[in-house]
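A.B. asks: Pulled the feature table from TrEMBL, pasting it below:
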type: DOMAIN; residues: 84-144; note: domain 'Anoctamin dimerisation'
type: DOMAIN; residues: 149-719; note: domain 'Anoctamin transmembrane'
type: TRANSMEM; residues: 157-186; note: transmembrane segment
type: TRANSMEM; residues: 237-255; note: transmembrane segment
type: TRANSMEM; residues: 301-324; note: transmembrane segment
type: TRANSMEM; residues: 344-363; note: transmembrane segment
type: TRANSMEM; residues: 390-413; note: transmembrane segment
type: TRANSMEM; residues: 524-550; note: transmembrane segment
type: TRANSMEM; residues: 571-598; note: transmembrane segment
Amino acid sequence: QDEDKWDFVLVSNIHEVGSEKEIKRKKFLDELSKKGFAIKKIEDKKLFYGVRAPKQIFRKYQWLLRNPDSRLQNCDVHHDIPVTTRIRIVNFILQNTMTPNLEKLDDLIKKKVFEAAFPLHEKEEVREFLKEKWFNWRDIFCEQRIEKIRCYFGEKVALYFAWLGWYTYLLGIAAVAGLVVFVAGITVFNSSQVSKEICEASNTIMCPLCDQKCPFWLLSDTCTYARVTHMIDNEGTVLFAMFMAIWATVFLELWKRKRANVVTDWDLYRWDEEEEELAMELINNLQHEPRRYQHSYFRSTIMLLLVLVMIAVLIGIAHALIIYRVIATALFTQSDFEFLREQANTMAVMTGAVLHYITIVIMTKVNRHVALYLCDLEKPRTFSQRENNFTVKIFTFQFFTNFSSLIYIAFFLGRINGHPGNYVRIAGKWRLEECHPSGCITDLFIQMAIIMLLKQTISNVMEYLIPWIAHKLRKKQQRPKKRSMILGEEEEEAEDPCKRQWLSNYQLKEVNIFSLFDEFLEMVIQYSFTTIFVAAFPLAPLLAFFNNLFEIRLDAIKMMRLHQRMVPRKANDIGIWLQVLEAVGILAVIGNGLVIAITSDFIPVQVYKYTYSPCMMENSTSVDCSTGYINHSLSVFRIQDFEPYTKLPEMLPDFLSNEIKECRYRDYRNADDYSYTVQFWHIFAARLAFLILFEHVALCVKLIAAWYIPDVPQSVKNQFLDRKHSNLRKDLSMMEYSTEV
C-alpha cells in the first residue's frame with residue numbers, strides 16, 4: 001500500500017536533452033536519490049516526479065525527538081508516523097537539499113527548472129469526513145472538528161480554525177450588544193432634544209459651505225442628517241465602547257485557556273520549535289552547524305528608519321484622500337444637479353470612502369513587497385523568526401493603510417479648518433471641510449460602513465471566485481482528453497493510476513507559505529475595525545459575525561477543493577498574532593476613548609447640561625436640560641468680515657426679505673474678535689478629563705479581567721502535575737529496584 005503513496009510531487013517543463021535546465025534538474029534529483037528517496041517519473045504535457053522518503057528518515061526523527069507524536073493522531077492507524085509529519089519532514093528536506101552548484105529548490109523554481117512542488121490531497125477517510133462535516137453549508141452553526149482538521153492540515157491550520165471559531169462565537173455576544181445599542185438609538189431617533197432643535201431652527205442662517213457663490217442655508221435643512229447623527233451618538237454608545245474594551249480582553253483571556261486545552265490534548269504544550277528545527281537540519285545533513293543568534297544595532301536602526309519612511313508614505317496617501325474630498329466638495333457644491341449641490345459633503349465622504357477602499361486593495365500588494373524586502377535585509381535566523389518579523393511589519397503597514405483616513409475623520413476633521421473670514425486652505429485655494437452642526441460622527445459612521453461592507457463582500461467574493469473560476473476552466477480544458485481515452489488510450493491510464501491524481505492536484509491553485517498568513521491578516525484587520533472605532537459604528541461586530549460564519553466555510557472549501565494541499569506546520573499557539581491582538585486591544589481603549597471625547601458630541605452636551613443649561617440657571621426641572629444647546633454651540637459671524645475673494649451669492653435665498661448681516665457656524669468663538677470663548681476651554685478641559693478617566697478605568701478593568709481569568713485552566717496544570725509526579729515515582733522505584741538487585 002505504501003508503494004502507491006507519494007509524499008511530494010515536483011513538476012517540470014519538458015526541457016531539451018542536454019540543456020542547462022535539464023542538467024540542473026537531473027543533479028537535484030540525483031541528490032535526492034543519494035538520500036534514499038524513491039522517485040517516480042510520469043510524462044504528460046509536463047514532467048511529474050513523485051518523491052517518497054525512506055523510512056530511515058522518519059525513524060531518525062522519532063528517535064531524536066523521542067516521538068513528539070507519542071499520542072498517535074487517531075486518524076492515521078496505518079502509519080507509524082502521521083501523514084502531516086511525513087509531509088513536513090519531506091518538505092524540509094526538499095527545501096534544504098543543495099545541488100553541487102549550491103542551488104536549492106527555491107532557486108531552481110525561480111530559474112524555471114521546476115515549476116511547482118506540492119504534497120497531494122488524499123482520497124482518504126479524513127478528507128471524506130471533512131467534506132461531510134466541515135465545509136457543508138448545512139453545518140454553518142455547528143462546531144468544527146479541530147482534531148480532524150489537524151490530521152489533514154497540521155496544527156497551524158487547526159489552530160487558525162480553532163481561533164476563528166472561538167472569535168466568531170464570542171463575536172455573537174458583541175453583535176447582540178451592538179444591535180441593542182443601535183436599536184435603542186433608533187427608538188430615540190425622534191425624541192432627541194438636540195435633533196429637535198436643529199429640525200425647528202428655521203430662522204438660523206448658516207454661513208456658506210464654500211467660497212464661490214455658495215448659498216447661505218438654514219440649519220433646519222439638515223434635519224435628517226441630525227437625526228441620523230443622534231441615532232449613533234448617544235449615551236448608549238459610551239457604555240458600548242466600554243463594553244467592547246472589556247470584551248476584547250475577555251476574548252483573548254478565554255482564547256488562551258481554550259488554546260491550552262487544545263494543545264494539551266495534542267501533547268504539544270511544552271513543544272520546542274527550535275529543537276524541532278535543529279533535529280530536521282541534522283536529519284537532512286549530519287554535518288550541519290546551527291546559525292548563531294546575532295543582533296546588529298546598525299541594521300535595526302536602518303530598519304526602523306525604513307519602516308518610518310513607509311509609514312510616512314502611507315500617511316501621505318491619507319492626505320491625498322483628504323485633498324480629494326476637499327476638492328470634490330468644492331466641485332459638487334458648484335454642480336448643476338440640485339441633489340449633488342445639497343448633499344455635496346455626504347457625496348464627497350462616500351466617494352472618498354470608495355477611493356479609500358481602492359487604495360487599500362492596491363497598497364496591500366505594495367506593503368507585502370516592502371515588508372518582504374525589509375525581512376530579507378534583516379537576515380532572520382530561522383523561518384519562524386522571519387515570519388514574526390514579517391507579521392509585525394505588514395500589520396503596521398496595513399494598519400496605517402486602513403486607518404489613517406479614519407483617524408483624520410475621527411480626530412481632525414472640522415477641528416483644524418479655521419473659521420469664516422480666516423479659513424485654513426490647501427494651496428491657498430481650497431478650504432478644509434467642516435463638521436456638520438450636529439457633529440462629525442456620522443462621517444466616521446459612513447466611512448466605516450462603506451469600507452467594512454466593501455472589504456467583506458468584494459474581498460470574500462474575489463478570494464473565492466477567482467480560484468473557483470480558474471478551477472472550472474482547467475477542468476473544461478481537460479475534458480476532451482477524457483474522450484480520447486475512451487477511444488483507445490485506456491492502456492496508458494490503466495498502467496498509471498497516479499497520473500490522474502497528480503494532474504488534478506497540479507491544476508489546483510498554488511499555495512505558498514503565506515496562504516494561511518493572509519487569512520490571519522484579514523481577520524486581525526477585521527478585529528481592529530470591530531474594536532478600535534466601534535463607538536462610531538456599533539454594527540461592526542454584527543457585520544463581522546455574519547462575515548465570519550461564511551469565512552469559515554469559504555476557507556474550508558478553498559483549502560479542500562480549490563487549493564493545493566498546504567504543507568502542514570507544527571505549532572502550539574497562533575504565534576506573534578496573539579501579541580498583535582493584545583496591542584489592538586489597547587489601541588481599542590485609546591481609540592474609543594478619543595472617539596467619545598473628541599469626535600462625539602457627548603462631552604459638549606454634558607458640559608452644557610450641567611453648567612449652562614436652563615436646568616442650572618433657573619433650577620427648573622420641567623424643561624429638558626439640553627434645551628438651547630444648539631444655539632449655544634453656534635458662533636456668530638459678521639458678513640462684512642468675509643475674505644475679499646469670497647464671492648457671496650448675488651441672489652439671496654427666497655426665505656430672506658431683508659439683507660443678511662450675520663450668519664452662524666459651529667464653534668465656540670467671541671462675536672467681536674473671533675477668539676475662543678470660556679466655554680471652549682471648559683469643554684476642552686472636560687474632554688481631556690473624560691479621556692484620562694475613561695482610559696484609566698477601561699485599562700484597570702482590562703487588567704482585572706486578565707487577572708480574574710487564568711490563562712491556563714487548572715485541569716491542564718493538574719495533568720502536568722500528575723505526569724511529573726508519576727515520572728519521579730517511577731524513577732525512584734527503578735532506582736530502589738536496581739540497588740536491591
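Each Cβ is built from the backbone N, Cα and C atoms, and glycine gets one as well.
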A.B. asks: For the transmembrane segment (571-598) and the transmembrane segment (237-255), does the number of C-beta pairs under 8 Å, pairs 6 or more apart in sequence, reach 3 or more?
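C.D. replies: They do touch: at least three Cβ pairs between the two stretches lie under 8 Å.
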A.B. asks: Between the transmembrane segment (157-186) and the stretches 237-255, 301-324, 344-363, 390-413, 524-550, work out which stretch tops the count of Cβ pairs under 8 Å.
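C.D. replies: Ranking 237-255, 301-324, 344-363, 390-413, 524-550 by Cβ pairs under 8 Å to the transmembrane segment (157-186) puts 524-550 first.
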A.B. asks: Please determine whether the transmembrane segment (301-324) and the transmembrane segment (390-413) are in contact (criterion: at least three Cβ-Cβ distances under 8 Å, sequence separation 6 or more).
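C.D. replies: Stretch pair touches.
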A.B. asks: Would you kindly list the residues that approach the transmembrane segment (237-255) from elsewhere in its chain, counting only those six or more residues past its ends and only Cβ-Cβ distances under 8 Å?
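C.D. replies: Beyond its ends, the transmembrane segment (237-255) has Cβ neighbours at 163, 166-167, 170, 173-174, 177-178, 181, 185, 530-531, 534-535, 538, 541, 578, 581-582, 584-585, 588-589, 592-593, 595-596, 600, 602, 694, 697-698, 701-702, 705-706, 709, 711.
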A.B. asks: So what pLDDT does the domain 'Anoctamin dimerisation' (84-144) average out to?
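C.D. replies: Overall, the domain 'Anoctamin dimerisation' (84-144) comes to a mean pLDDT of 80.
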